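Q: What Swiss-Prot records for this protein is below:
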type: BINDING; residues: 79, 81, 147, 166; note: Fe cation 1 binding site
type: BINDING; residues: 83, 166, 227; note: Fe cation 2 binding site
type: BINDING; residues: 260-264, 342-369; note: FMN binding site
type: BINDING; residues: 469, 472, 502, 505; note: Fe cation 3 binding site
type: DOMAIN; residues: 254-393; note: domain 'Flavodoxin-like'
type: DOMAIN; residues: 464-515; note: domain 'Rubredoxin-like'
type: REGION; residues: 30-210; note: region 'Zinc metallo-hydrolase'
């Protein structure tokens, strides 16, 4: 199957509708992908790239149906990775003497993959060109570490087509080839996901290389990528997007991700997110469980965010393995211009949060105060989690916020008596300075005991006052009671049995707090 691209250029690649894992299992390709190969018929016949090795035989058969293989004068390999040059062994078995134009680094990579050092390699560097007849040339532009050392782009004069390799692409399979034929929102989401998960570590190189290419003052009528769609409608839009994404990109967005053994850390995440929204309703907040959500989606959200909160239960005095794995990914991606903080619950020791803080600092994040809760957080501990969210919302705000109103009246100097072993600890590394979280300012670490029975507001609790579940927002109305749990209508909250469980989330009385009038309407 071939698709006409422009003038004497045809797409001869391969769609892969079924692939769901890329680079091993590192990249989830929920939309499939394509391996784009292009055949140019001018005075010389030129093949740009091949396809993934698993489609080698099919690719060569289809190519042979389109053109006499012996008439191919030149093969250009922009990238030696197997999803670009994977069919070379099958193809070169049919046309063994055909010259292969690639970078010097690509010769090593291709030889290492295919083990044919005798192939007719022609190394090129930036500015080298190849006359292909009819007044047209191919101009080569090295792009090392975008995203391999061997990478390059190829520009075709007169037709003004940039064969851009992995840059500007996306793992996105569609029956259409061009950007103006597909869903624009979905397309841009896949472009950003691709950039965030693959090219982010090389952002400084992206900026420098794009500026170098633009400095050539070459017209670009089309960007022909190695994966996904071809940009023919306003192709500069994706180039400008790359410049934006490469420039310490952030949106007014906060991402929380966590893993939890007993839902305690999840409860903290929910409460922190509630506190953020109370202070800054305009900020976008996303919460992910790393054990259940798509890793690449989480990484994309981290890329988009101004701030990240990472939570974990403590297991064997360290963080949960999936959180550790995610932090390793984040360290490698080298995100910049982002704030971060750790949180989590623990039992007898709380090593996870401290380790997360250290890893975030090592990854280049601007660290804010961390938060720990001992055992299952009760209503007062969750109130502190919400206050923690409020304080982070203020610290991380990208725009002026309304002046905060006091919420927590508990102080470290006059802490209530610990009734159930619930302890909230807030800590901050020395490099983060002194941060206020609704308690006296401090650096280092401190433990703040929290009583189960202390309401986090200054209002008195009336017998007929509704109670709000801080986890799922279900409201207990004393006038209605809860007949399914044998709580009769007219039963005040103080007389509801301690065995009561929230009908919405199944958690006990400790997560309820007096419901503000406006919230209960």
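Note: Cβ is positioned from N, Cα and C throughout, glycine not excepted.
The model shown is predicted, which means the values in this text are computed figures rather than measured ones.
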Q: Let me check the 10 A CB neighbour count of residue 81 (Fe cation 1 binding site). How many other CB atoms are there?
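A: Excluding its own Cβ, the number within 10 Å is 22.
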Q: Provide, as an integer number of angstrom, the distance between the C-alpha atoms of residue 502 (Fe cation 3 binding site) and residue 260 (FMN binding site).
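A: Their Cα atoms are separated by 20 Å.
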Q: Take the C-alpha atoms of residue 260 (FMN binding site) and residue 227 (Fe cation 2 binding site) and report the distance between them in angstrom, rounded.
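A: That separation, Cα to Cα, works out to 37 Å.
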Q: Among 342, 367, 472, all listed as binding-site residues, which has the most CB atoms within 10 Å of its CB?
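A: Counting Cβ neighbours within 10 Å, the top one is 342.
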Q: Ranking the binding-site residues 79, 147, 227 by other Cβ atoms within 10 Å, which is at the bottom?
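A: It is 147 that, of the binding-site residues 79, 147, 227, has the fewest other Cβ atoms within 10 Å.
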Q: Suppose we draw a 10 Å sphere around the Cβ of residue 166 (Fe cation 1 binding site). How many other Cβ atoms does it contain, all chains included?
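A: So the number of other Cβ atoms within 10 Å of residue 166 (Fe cation 1 binding site) is 23.
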Q: What three-state secondary structure does DSSP assign to residue 342 (FMN binding site)?
A: strand
Q: Beyond the listed site residues 469, 472, 502, 505, identify every same-chain residue whose Cβ lies within 8 Å of the center of their Cβ atoms for the Fe cation 3 site.
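A: Checked against the 8 Å cutoff, the neighbours are 470, 471, 473, 474, 503, 504, 506, 507, 511.
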Q: Taking DSSP three-state, what's residue 469 (Fe cation 3 binding site) in: helix, strand or coil?
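A: Strand, per DSSP.
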